[in-house]
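Take a look at the structure below.
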């Protein structure tokens, strides 16, 4: 595989990275920031299981600084993810 093949493979990998972060950000990360009523019980249970199983204290009881990071993720990163996905898949 030549240099272009490796580069194209890396572009696809990064494209899938950004694509996968769209639902993860909306469905998991934002549960610590947005009202729980926005999420179905199944997703709330998934997040609860994750925080208990992996002892993720940031999502269990998020401190103010972590909520600030999540707000930045919502405002800056989430709108960027579709553009980055398109750019890497397009080449």
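Backbone N, Cα and C define each Cβ position, glycine as well.
Heads up, TrEMBL stuff is auto-annotated, nobody curated it.
Within the listed segments 12-34, 35-57, TrEMBL records transmembrane segment for the stretch 12-34. Residues 43-44, 46-47, 50, 58-59, 62, 66-67, 70-71, 73-74, 77-78, 81-82, 84-85, 87-89 of the same chain, all 6+ positions outside the transmembrane segment (12-34), place their C-beta atoms under 8 angstroms from a C-beta of that stretch. Residues of the same chain lying 6 or more positions beyond the ends of the transmembrane segment (64-89) and with a Cβ under 8 Å from any Cβ of it are 11-12, 14-15, 18-19, 21-22, 25-26, 29-30, 32-33, 58.
Across the domain 'EXPERA' (10-91), the prediction's mean pLDDT works out to 97. Across the domain 'EXPERA' (10-91), DSSP classifies residues as 69 helix, 0 strand, 13 coil.
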